[in-house]
Amino acid sequence: METAIRVLVDQPEIPGNTGNLIRLAAVTGVELHLAEPLGFDFADAKLRRAGLDYHDLAVLTVHPSLEAAYAALAPERIFAFTGEGTVAHTSISYRDGDVLLFGRESTGLDEEVKADPRITQRVRIPMLASRRSLNLANSVSIAVYEAWRQDGFSGAV
């Protein structure tokens, strides 16, 4: 992809999910940004195992807070992925510089984050009724691959 789509995860908790996100960033070229506090240590074996040998191939930045991430990224558009989203992930026309924002595994994005005026749109990934949520790494993958598809899978083999 080698595009400027940025994934931002606020307070991820599960090392295996973050390892999978590192691997996703490495194979698609998106930037991965994590906002502290993190629910794990980067030395965690589950994180290393899930990320395989892709850690050095991914662009990964850890920010001390969500506010610090916003300041560093200075995004024009932030798409907050949530079960209460008003538009489907496929209805967004993604562009370079967009931030795809996801919350922690246990609770998703905090209400104040979703209500922040900097949020461009609340986005949902469709799923069957009465289901609580998708796995974080799966959700991020779905969104990233839709953005990459719209970009013609640039750089892919």
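For all residues, glycine too, the Cβ spot is worked out from N, Cα and C.
Heads up, TrEMBL stuff is auto-annotated, nobody curated it.
The domain 'tRNA/rRNA methyltransferase SpoU type' annotation in TrEMBL covers 5-145.
Taken from TrEMBL, the feature S-adenosyl-L-methionine binding site covers Gly103, Ile125, Ser133. Using a 10 Å radius centred on the Cβ of Gly103 (S-adenosyl-L-methionine binding site) and all shown protein chains, the other Cβ atoms total 24.
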Env. residues of S-adenosyl-L-methionine site, Cβ within 8 Å of mean position of Gly103, Ile125, Ser133 Cβ: Phe81, Thr82, Gly83, Phe102, Gly108, Leu134, Leu136, Ser139
Proximal but sequence-remote residues of the same chain as Ile125 (S-adenosyl-L-methionine binding site) (Cβ under 8 Å, at least 6 apart): Phe81, Gly85, Ala88, His89, Leu134, Ser139, Ile142, Ala143
Other CB atoms, at most 10 A from the CB of Ser133 (S-adenosyl-L-methionine binding site): 16
